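Before any comments, here is the structure.
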Amino acid sequence: MQTYFLSQQFNTRSLAENSTSCPANATICNGTSCVLPEDNFNETLSIILSTVLTIMLALVMFSMGCNVELRKFWDHIKRPWGIFVGFLCQFGIMPLTAFLLSLVFNVLPVQAVVVLIMGCCPGGSASNVIAYWVDGDMDLSISMTTCSTLLAMGMMPLCLFVYTKMWTDSNTIVLPYDSIGISLVALIIPVSFGIYVNHRWPNKAKIILKVGSIVGAILIVLIAVVGGILYKGSWTISPKLWIIGTIFPAAGYTLGFILARIAGLSWHRCRTVSLETGMQNTQLCSTIVQLSFTPEQLELMFTFPLIYSIFQLLFALLILGGYRVYKRHRVKTNTDVEKTEEKEDSKSTTSHAKINGAFVSNETK
């Protein structure tokens, strides 16, 4: 009896010692070796992120549709030169630039793919706001954003097919065209519904537009925070992607402006095309990447849309600041010229009055 009690006491002590060396949630514990239950936290969080991204992106695109006036949009469709130049910039310059940057910096295949996805994305709705502040053609800006979103259904898969062949032919990476296609087709529904709402209830559409712009900003922050939790190693990526993320939007702004000027567009339209070219729909890129690739691949590519988003906004603010300084200087110069002309006119009038017996008409007093 005493032996049994001591044995039981020893077993209890052993279990206590083992419990200190094993986690509380261990299912089987043998000394320091433990079997832990499978942790589904990251998988659950990834599903939640994908769902939230899809819903929020749909709301952003719905609000973008609320910014489209059918009459003005149709006017640009009937005179499509500006939209055509924007099309060449959006699906000509940007994918080619993405391809060349990927080759020059010799990034990994999966990283080259995310750079190309960004290059093939349609214009972002933030460009409409910046175009307004730089006195651009707002109707052209909205029309270009809408057309690039609609045309992306065909052009985005085509550009990805053409430019990613050197990586997909070697079976290094498989491009999920089905996920990309579904994501793009799904965008057309909220955009179309937004256009209809703006046509029927324009006052309510303005409120929705403001809400959508706030949701767009929240979406970028959400992607950064949750993505940082899910893919902890994604921020410690190669410096090459940071360099590409810096050069890419700057190249888009510059080349878009140059091509628009070569095409003979006016200065305010050149500014509009430039912004539409450099400002991409980074929320769409993040959503496509999140829905289409494995967690291992996302570790290497998830942060690039965020990097691009940071620098496209930074350069847009620099363009805005530069234009405001130029505009203020030009107005000041024009005012000085007008004052000089007024003084000269006043002197000539006075001298003319002296010659004519100091008579000054009522118009010059």
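FYI, residue positions are counted from 1 along the chain as it appears here.
Glycine is treated like the rest: Cβ placed from N, Cα and C.
Copied over from TrEMBL:
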- 45-63: transmembrane segment (TRANSMEM)
- 83-105: transmembrane segment (TRANSMEM)
- 112-134: transmembrane segment (TRANSMEM)
- 140-163: transmembrane segment (TRANSMEM)
- 175-195: transmembrane segment (TRANSMEM)
- 207-229: transmembrane segment (TRANSMEM)
- 241-263: transmembrane segment (TRANSMEM)
- 300-323: transmembrane segment (TRANSMEM)
- 335-365: region 'Disordered' (REGION)
- 335-347: compositional bias 'Basic and acidic residues' (COMPBIAS)
Considering the transmembrane segment (45-63), which listed stretch of 83-105, 112-134, 175-195, 241-263, 300-323 counts the most C-beta pairs under 8 Å: 175-195
Most Cβ pairs under 8 Å with the transmembrane segment (140-163), selected from 83-105, 112-134, 175-195, 300-323: 112-134
Sequence-remote partners of the transmembrane segment (175-195) [C-beta within less than 8 Å, at least six residues beyond its ends]: 54, 57-59, 61-68, 70, 73, 113, 117, 146, 149-150, 152-153, 156-157, 160-161, 164, 168, 205, 208, 284, 287-288, 291-293
